[in-house]
Amino acid sequence: MRGYLLTAIFLLPLVASESEHCIIKREHEKCMERIALHNPDDHELVCPWMWDNLTCWQAASVGEVVVVNCQDLFHDFMSAEDDMGKVSRNCTEDGWSEPFPHYAEVCSFFFYENTTKPDMYYASVKALYTVGYSTSLVSLTTAMVILCRFRKLHCTRNFIHMNLFVSFILRAISVFIKDGVLYAREDSEHCFVHTVACKAVMVFFHYCVMSNYFWLFIEGLYLFTLLVETFFPERRYFYWYTIVGWGTPTICVTVWAVLRLHFHDTGCWDTNENTALWWVIKGPVVASIMINFVLFIGIIIILVQKLQSPDIGGNESSIYLRLARSTLLLIPLFGIHYTVFAFSPEDVSKRERLVFELGLGSFQGFVVAVLYCFLNGEVQSEIKRKWRSWTVNRYFAVDLKQQRHPSLASSGVNGGTQLSILSKSSSQIRMSSPLAENANISLPT
């Protein structure tokens, strides 16, 4: 079974949690390099350098105990209280002893014979976020068609929503492209893909995800400005919102790509061992999350003040109910759930972070489309109005067809008969009204 690259988007020092095959293969290459560079005299020792398909063991003398840590592969599956994480071997006269304790006991992992067993956890999370992004992609595309189709829905607020929808769509597409490029093959050859196309895909992926975060920030800034500003030139502000939402990610990702090309051009750019370079992208994203959280708190305070105003009726329970509903509606729009792990240490709760940010976060686009398009009162009213208009036009078209072909009317299967009668009756009433007016005029005074 193939290993999967899972994207803990922008909140982990590595863009991706590497597959177990890639980690083992990289460690194996490092071990071979160390063995080749080491003093050849060490090969005469009873316990020479050794690679046991998981860990590199340095040469030792008889009676010496060598202790190593669990591989990085295992750290994602160990809980915080698992402080052991160390395996040792004794160098005896007969050579290396068996590892103690066994990897399965201290590293929370299980193996096939001579090879590691791929953990189904990564595959499950990948399946979850694939379903989530697919659902979001379909719902967001439908929402975009609706907002573009009805001109009465064209306003600054919905234009911002549409840009946010596009950023979610691009984010989902970039995830699928990334997975397709990095895992086009079932074997582990993708571990060392260094092509230009692969790097371009990662640049596109980072741009889409970063744009999504910034449009979440724009949504929060726009709503806060609406509540604070009395006179708000929306159209002029919208141009600045567009520049910030799409322009800032372009600058940051371009700078990161140039720096990565000159200072750390390794692999497919899907990992970020150089933390300093990674902060070119991570810094603005974390800043947008922090500012959005502050805006969210400010908006909640303003809503509390407005709901407690004597001009708004209702008892205390209804006020708190409306406040709770407003708060829940704002959470997916502002991306407040990202603050849960945004400022936590990088190596804490990796498994929970993957599920929360990748699994549940992939459904955010679907939730936003439902709340701010499908359940929007204006959208529903416009769809109902268009539906009624289409239905009436359809019946009148059937009625006109009956008038041109009288034989169809006698069949009794057309639904336009009643509308035809109403139309003729109204015509007769309009024709009789001038006669009545003439009759009134001729009456003696």
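Along the chain as shown, the residues are counted starting at 1.
Cβ coordinates are placed from backbone N, Cα and C, and glycine is handled just like the others.
According to TrEMBL, the feature signal peptide maps to 1-17. Sequence annotations record features per position, and here TrEMBL assigns domain 'G-protein coupled receptors family 2 profile 1' to 30-111. Taken from TrEMBL, the feature domain 'G-protein coupled receptors family 2 profile 2' applies to 125-376. Among the features that TrEMBL reports, transmembrane segment is placed at 127-147, 159-177, 213-232, 239-259, 279-303, 323-343, 355-375.
Using the rule of three or more Cβ pairs under 8 Å, pairs at least 6 apart in sequence, the transmembrane segment (159-177) is not in contact with the transmembrane segment (279-303).
Among residues of the same chain six or more beyond the transmembrane segment (279-303), those with a C-beta under 8 A of the stretch's C-beta atoms are 10-11, 206, 210, 213-214, 216-217, 220-221, 223-224, 227-228, 248, 252-253, 255-256, 259, 323, 326-327, 330-331, 334-336, 338-339, 342-343. Beyond the transmembrane segment (127-147), the same-chain residues lying 6 or more positions past its ends with a Cβ under 8 Å from any Cβ of the stretch are 6, 153-154, 158, 161-162, 165-166, 168-169, 171-173, 175-176, 179, 355, 358-366, 368-370, 372-374, 379, 383. Through the fold, the transmembrane segment (213-232) approaches residues 10, 156-157, 160-161, 163-164, 167, 241, 244-246, 248-249, 284-285, 288-289, 291-292, 295-296, 298-299, 302, 330, 333-335, 338 of its own chain, all at least 6 residues removed from its boundaries and within a Cβ separation under 8 Å. Mean pLDDT across the domain 'G-protein coupled receptors family 2 profile 1' (30-111) comes to 74 in this model.
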